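One structure is given here, and the rest of the page talks about it.
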């Protein structure tokens, strides 16, 4: 499925909801979506409160 990236392990996508980047500052955790090998960006804290 994939070759490399933060959401890829042994040529397979990591399952949806796997943290690929820890929260820092005003950013929330970033999670794998189970469909890409890249780590999708998540919104800032408070943006959806």
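Positions of Cβ are set from backbone N, Cα and C atoms, glycine also.
As annotated by Swiss-Prot, disulfide bond applies to 2-11, 7-32, 8-37, 20-39, with the evidence given as sequence analysis. Summarising the annotation, Swiss-Prot assigns domain 'Disintegrin' to 1-47 and lists sequence analysis as the type of evidence.
Per-residue confidence over the domain 'Disintegrin' (1-47) averages out at a pLDDT of 86. Residue 11 (disulfide bond): 10 other CB atoms within 10 A of its CB, across all protein chains. DSSP states for the domain 'Disintegrin' (1-47), grouped as helix (H, G, I), strand (E, B) and coil, give 0 helix, 12 strand, 35 coil. For the disulfide-bonded residues 8, 20, 32, 37, 39, counting C-beta atoms within 10 A of each C-beta gives the highest total at 32.
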